[in-house]
């Protein structure tokens with residue numbers, strides 16, 4: 001009889017001793033489960049994701065809060081916010097190439113640490129200045145006849161702009177260079193990291209403004225500044241530690257070819273071909289980077305004869321010019337330009353489109369819900385990108401994404417002429433009433449659907465300083481008539497249906513062009529080319545604000561929609577031309 005039976009008959013307790021073989025099997029299984037998880041959590045990819053999430057969260061909170069703070073400081077007027085937006089866009093437009101050149105010419109760890117330190121310290125100091133201004137605003141306004149207030153506003157805008165420039169440098173360094181090296185020049189892994197970083201960006205774009213907005217609403221602006229200050233100090237320490245660890249555990253990051261050597265190296269194209277062995281036949285490689293060297297010694301002698309300030313200025317101008325030339329000669333130039341053209345649009349969830357929707361009877365709560373749905377469709381675009389790239393290749397993924405994006409935006413064009421649209425055709429043809437009675441009847445019918453804000457006919461889309469509330473980047477207007485209800489919601493439904501569904505193709509296309517730039521640009525020029533790309537993006541973004549300033553009324557919005565679709569179509573046409581050249585070159589090489 002076994003020991004189990006003897007013990008049970010005697011009323012004892014059965015104690016089973018686990019054998020050594022069973023224990024080893026169980027330990028082996030637990031190690032097989034926890035081992036890969038621990039390796040991943042300590043690996044460079046996860047550390048980059050966490051560091052990027054902290055950086056993006058801080059950026060989103062700061063970009064949202066600084067706009068609100070500037071409005072509050074200037075008596076709920078949009079002037080300071082407009083000046084800040086102009087300064088930020090203009091500085092990146094002018095200095096994008098210089099920032100990229102600085103990223104190229106310095107070691108990766110120094111670039112990342114310097115950018116991270118400058119960005120977070122600038123935001124921290126700016127938050128302290130804002131706290132002091134909010135606490136002692138009345139006293140500050142009495143000093144120097146109010147000029148101290150102007151000095152404080154200037155300091156805030158300058159520090160915020162410096163933080164944005166440092167954030168641009170950090171984005172170029174990490175998302176355009178580091179992850180390429182971390183993935184070991186593997187296209188599949190690179191696509192996965194790009195998609196994950198974009199998903200993190202989409203989530204933080206919704207949650208971060210909500211978080212800091214709740215703090216500012218439930219507490220005060222001073223507490224909001226303190227919250228951002230504390231976040232940046234903690235984020236600085238964590239990001240610095242994580243990036244340092246990534247730099248240590250990925251030895252390839254410490255190897256960076258000098259710019260001067262690779263610019264004069266005629267075998268750059270062969271080097272790029274060796275680094276991307278998993279060729280899908282859909283991407284072109286970088287062209288040889290050869291430049292003429294005509295009488296260099298004489299040129300250097302002329303430069304040394306100039307005063308120091310002129311020499312520095314000439315070097316800055318020459319660097320910017322060389323950066324734009326490097327961008328132009330890239331084989332993916334048309335694809336990058338196509339992406340930049342997509343920034344000239346009002347068809348996005350910014351204050352312009354959502355403000356227009358509010359004038360058409362859409363509530364703030366519904367707008368917040370629509371923004372959440374748009375974030376979900378953006379995440380769907382990142383998933384679609386990885387699957388399409390794996391099945392059809394990178395270039396074909398861009399073509400499919402472009403067609404999907406344009407197809408969805410046709411709904412926005414239809415919304416311009418659908419029932420309920422405030423579109424006024426007389427804005428297109430000034431003398432339409434006198435020249436055509438039939439068209440005059442159409443115009444009168446359209447005017448029935450127009451719901452202007454209170455005030456004169458020249459009142460802008462953004463009302464006076466006392467009627468603005470912020471809800472997650474959305475401008476809501478108090479002076480919209482409460483009894484104003486459009487005769488039909490078909491127009492606004494079509495508009496947002498097109499905007500939301502188009503984000504699937506938009507983000508897939510954005511990731512496509514981003515990876516094309518990562519794969520096709522020589523390592524020594526990644527920074528400067530991506531810096532110029534950022535400048536182009538800001539330039540086209542400025543154009544869309546100029547469009548709104550030129551046509552601010554809700555009745556003008558239909559014209560802005562049509563112009564936006566034309567710009568987007570032009571951008572995708574540029575990409576189609578690039579894809580045609582890439583495929584033609586592939587057939588020629590095979």
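Every residue number used here counts from 1 along the chain in the order it is shown.
Each Cβ is built from the backbone N, Cα and C atoms, and glycine gets one as well.
The stretch that TrEMBL tags with transmembrane segment, taken from the ranges 452-476, 527-551, is 527-551. From the options 35-62, 147-174, 175-202, the stretch TrEMBL describes as transmembrane segment is 147-174.
Looking at 398-418, 419-439, the range annotated in TrEMBL as transmembrane segment turns out to be 398-418.
Counted over residue pairs 6 or more apart, the CB atoms of the transmembrane segment (218-243) and the transmembrane segment (111-135) come under 8 Å in at least three pairs, which marks the two as touching. By the count of Cβ pairs under 8 Å, the stretch nearest in packing to the transmembrane segment (398-418) among 364-386, 488-506, 527-551, 557-578 is 488-506.
At the 8 Å Cβ threshold, with sequence separation of at least 6, the transmembrane segment (111-135) lacks contact with the transmembrane segment (78-99), having fewer than 3 such pairs. Beyond the transmembrane segment (332-358), the same-chain residues lying 6 or more positions past its ends with a Cβ under 8 Å from any Cβ of the stretch are 284, 364, 367, 370-371, 374, 398, 409, 412, 461-462, 473-477, 480, 492, 495-496, 498-499, 502, 506, 509-510, 513, 516-517, 520-521, 529, 533, 536-541, 543-544, 547-548, 554, 557, 560-561, 564-565, 567-568, 570-575, 577-578, 581.
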